[in-house]
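**Student:** Taken from TrEMBL, the feature Fe cation 1 binding site applies to D50, D83, Y86, H252. As annotated by TrEMBL, Fe cation 2 binding site applies to D83, N121, H215, H250. Marked as domain 'Calcineurin-like phosphoesterase' by TrEMBL: 44-253. Among the features that TrEMBL reports, signal peptide is placed at 1-26.
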Amino acid sequence: MAKFSKNSMVLCFLVAIVFVISSASASTRLKKFDHPTKGDGTLNFLVIGDWGRRGTYNQSHVARQMERVGEKLDIDFVLSTGDNFYDNGLTGIHDSNFVESFTNIYTAKSLQKQWYSVLGNHDYRGDVEAQLSPYLRKIDSRWVCLRSFVVNAEIAEIFMVDTTPFEEKYFTTPKDHIYDWRGVLPRQAYMANVLKELEKALSESTAKWKIVLGHHAIRSAGHHGDTQILVDRFLPILRKYDVDFYMNGHDHCLEHISDTESPLQFLVSGAGSKAWRGDTKGINRDDVHFFHDGQGFMSVELTPTEAEIKYYDVFGSVRHRWNRSKLLLHSAM
Ligand SMILES: [Zn+2]
């Protein structure tokens, strides 16, 4: 069991209340978590993906570097881009993989913050509803995982979206894998609803920074490459509502890619454990600014007008840094 400060317990309690209240609201709206920030107009957080392997494949080493950076930045929370538990998600709410890959790995004081997570394709191979169960918060109160939801952190709103059902191949050619599609079928209606809810939430957002996060890439130079259905169905919405960043995992690497038609930046953080695939066929693309074929994670530091993104490798070294003011970002286009 994780140890908590009094403040983090109070925070978790408040988030739980917000969760209950927003659960009762209309079903056509994404659930929204109001995350109180430090009150100084800044927001700092870490982004990690593709991680839960009971500490193996350098997961524990990445965790140690997250501890150090999390402390230095006094982070507000952690975002997970999915594929939280390998190889096949959780078998149920009592699966020891939850404690062995999450609670017992990210033990540092600086990481005792809320972890907001989406599901990845591997998470759909287990008991998909286990990771979504509020019961897990009794084991480790940091854990918040829903299919799609919004984190309202004052200067930024983060729109967490469930992208796995958009990949048709998991339905048509599942190979030896058994997916748990409870709550997703019929697929077309589910996808239409995700897009409708996302568009509604984006249209109502007044946040300075709009961030959309899913498991699968829109743009990636890594093994899986671009996800065409997300290019077709998500990208126009993200451009229309001036989304600043799209963050994802799935490819086990770190990437920074720019949209060619808008200020949108694609930030890939899927390097929480197993990496070094050696599959970098797309890295010479003009839109790719950074590609790291190894373990690591990303930090995001926001003020109302400035954003700084940093990518760290397994040794904690900053491998890529990107800084832009909101004014420049939009006036440059
Ligand atoms: Zn994946």
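Backbone N, Cα and C atoms are what each Cβ position is placed from, and that goes for glycine too.
Caution: TrEMBL annotation is automatic and unverified by curators.
Here the structure is a predicted model, which means the values were calculated and not measured.
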**Student:** Using CB under 6 Å from any atom of ligand 1, narrow the binding-site residues D83, Y86, N121 to the ones that qualify.
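**Tutor:** Cβ < 6 Å from ligand 1, in sequence order: D83, N121.
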**Student:** Taking the center of the Cβ atoms of D50, D83, Y86, H252 at the recorded Fe cation 1 site, which other residues in this chain have a Cβ no more than 8 Å from that point?
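**Tutor:** Along the chain, the qualifying residues are G49, W51, G52, R53, G120, H122, G249, H250, G270, G272, S273, K274.
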**Student:** Go through H215, H250, H252, our binding-site residues, and report the one whose Cβ sees the most other Cβ atoms within 10 Å.
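**Tutor:** The residue with the most neighbouring Cβ atoms within 10 Å is H215.
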**Student:** Within 8 Å of the Cβ centre of D83, N121, H215, H250, which other residues of the chain have their Cβ, at the recorded Fe cation 2 site?
**Tutor:** G49, D50, T81, G82, L119, G120, H122, D123, T163, T164, H216, G249, G270
**Student:** Taking only the residues in the domain 'Calcineurin-like phosphoesterase' (44-253), give me the average pLDDT of this model.
**Tutor:** 97
**Student:** Determine the Cβ neighbour count for D83 (Fe cation 1 binding site): the number of other Cβ atoms within 10 Å of its Cβ.
**Tutor:** 29
**Student:** Where does N121 (Fe cation 2 binding site) sit in DSSP terms: helix, strand, or coil?
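**Tutor:** Coil, per DSSP.
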**Student:** Of N121, H215, H250, which is closest to D50 (Fe cation 1 binding site) if I measure between C-alpha atoms? They're all binding-site residues.
**Tutor:** H250
**Student:** Run through the Cβ atoms and count how many others sit within 10 Å of the one on D50 (Fe cation 1 binding site).
**Tutor:** 29
